[in-house]
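Some notes on the structure that comes next.
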């Protein structure tokens, strides 16, 4: 049983679960989605502080000298430094590792407690970063923040998918990504302000203000209830029933409750969810979840978001101008994500991804052409007109990503895995995302140094590949209840239907001995409903 399919027809019965869009659902989702706010702030803040001269002077003196000596190195290579990249990427490496622990806590302790733990990691990490005296202390703080990212990214999308009625599941789930973009914009605004602080301690304010979303996540997790799916999965049936009644705003929750209980029973047949993920029946969901995370990073978006101020500095913008340009792209990111919230459950996932592919490809090619002609290793600054055109093209690229690959990279995996493999599937999703986020964060400045303007052609090539993947291999999941994905999506797809057969029960491979052992418990239920 997947979360979020609560207002759609139950399989084979044509009966619709009664579900109102209650204030408690909206409030719970807004509070939970503050985990995205923290993630976004961490993404946006690193690029800003690494373009601040006092920060570079204290922690990265080699980069500081290079950026202040025009004859020392090329425009494209002045920020190429492994330690500087490690400051950004260490967060994602820690997030990758902590994801495995977060999978266990999400399943055994619940979504809510996992979000609380994420809030604690965030707050301690912020304290280390704001008070950092050397690079080691700075990296420790980033690692703790990374643990918070791993726990939050594991629990929040599941919480949102499981608590939302299916007819608005896409929009509510995208609240997470919306908060990521708001966090990035907030970070860019903070960097723009703190860069003007005299005395060289503005970067401490930038890093310290990450405590605001950290506290919001912690307090929000204290105030919300765990999801009915999680409570029932842990044997707390009456509590789960009470929460279900509260969030649905109706007393007629018995059909949905019974389906949740049945799905939980089937899920408990799975003793090794990670091993079960690679079973043939679960392969379509696994392949799509992994591919979406890889492709999301190879759009090049995080390269731009991590290092937007550094990138604009490289292109000849002044310090304040580069931060100001990053604020503009951050604002476009937020507004475009709002577009996705309103359109994802109307036009569907595939159309948004395919349209964005065209838009991202052409914007990146245009940026590459401008840079190839105008920005050489030791060239003068971009003219005002060309500089504006670059910012416009970056905004065009960011907007298309923000209503497509940004939110849908998280939404689609969270709505396709069945309950018995959902926690493990989400763990793999987050792990792959953070792994490739780490790779891009660690490599981008070196790639910029060696590829120069070709870096944008590199990413545009990947955009073409991922667009063909969507066209041929990604089925539409708009308005499909998650517990009906097998019948209505996978068994109707030209390729994935070959992997979904009836020798598996709810994603669990069951032999003849198991069938005899389970008796009517298995044979008496409808396999397609699991």
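Glycine is no exception: its Cβ is also placed from the backbone N, Cα and C atoms.
TrEMBL annotations: computationally assigned, not manually curated.
Keep in mind the model is a prediction, meaning the values are calculated, not measured.
Summarising the annotation, TrEMBL assigns transmembrane segment to 21-41 (among others).
For 28-478, the entry in TrEMBL reads domain 'Major facilitator superfamily (MFS) profile'.
Note on the transmembrane segment (84-101): residues 42, 46-47, 50, 59-60, 63, 121, 135, 138-139, 142-147, 149-151, 153-154, 306-307, 427, 430-431, 434-435, 437-438, 441-446 of its chain, located 6 or more positions outside it, place their CB under 8 angstroms from a CB of the stretch. Positions annotated as transmembrane segment by TrEMBL: 84-101 (among others).
Sequence annotations record features per position, and here TrEMBL assigns transmembrane segment to 113-132 (among others).
Per TrEMBL, transmembrane segment is recorded for 138-160 (among others).
What TrEMBL records for 172-189 (among others) is transmembrane segment.
What TrEMBL lists as transmembrane segment is 201-224 (among others).
The transmembrane segment feature in TrEMBL is assigned to 286-310 (among others).
TrEMBL lists 322-344 (among others) with the feature transmembrane segment. Residues 44, 47-48, 51, 170-171, 174-175, 177-178, 181-182, 184-185, 187-189, 191-192, 195, 304-305, 308-313, 352, 391, 394-395, 398-404, 406-408, 411, 478 of the same chain, all 6+ positions outside the transmembrane segment (322-344), place their C-beta atoms under 8 angstroms from a C-beta of that stretch.
Marked as transmembrane segment by TrEMBL: 351-373 (among others). Only residues 6 or more beyond the boundaries of the transmembrane segment (351-373), in the same chain, are considered here, and those with a CB under 8 A from a CB of the stretch are 299-300, 315, 340, 343-344, 382, 386, 389-390, 393-394, 396-397, 399-401, 403-405, 408, 452-457, 459-460, 463-464, 466-467, 470-471, 474.
Annotation comment: TrEMBL describes 385-406 (among others) as transmembrane segment.
Under the heading transmembrane segment, TrEMBL lists 427-447 (among others). Taking Cβ pairs closer than 8 Å, the transmembrane segment (427-447) reaches residues 79-82, 84-86, 88-89, 92-93, 95-96, 99-100, 102-103, 106, 146, 149-150, 153-154, 274, 277, 286, 289-290, 292-294, 296-298, 300, 302-303, 306-307, 310, 409-410, 413-414, 455, 458 in its own chain, all 6 or more past its ends.
Annotation source TrEMBL lists transmembrane segment at 453-474 (among others). Among residues of the same chain six or more beyond the transmembrane segment (453-474), those with a C-beta under 8 A of the stretch's C-beta atoms are 287-288, 291, 295, 298-300, 303, 349-350, 353-354, 357-358, 360-361, 364-365, 367-368, 371-372, 375, 405, 412, 444, 447, 495.
Only residues 6 or more beyond the boundaries of the transmembrane segment (172-189), in the same chain, are considered here, and those with a CB under 8 A from a CB of the stretch are 4, 25-26, 29-30, 32-45, 48, 156-157, 160-161, 163-164, 206, 213, 305, 308, 323, 326-327, 329-331, 333-334, 336-338, 340-341, 344, 402, 406-407, 410-411, 414-415. Of the candidate ranges 113-132, 201-224, 385-406, 113-132 has the most C-beta pairs within less than 8 angstroms of the transmembrane segment (138-160). Distant neighbours of the transmembrane segment (113-132): 32, 35, 38, 59, 98, 102, 105-106, 138, 140-152, 154-156, 159, 204, 207-208, 210-211, 213-215, 217-222, 226; these residues of the same chain sit at least 6 beyond its ends, with a Cβ under 8 Å from one of its Cβ atoms.
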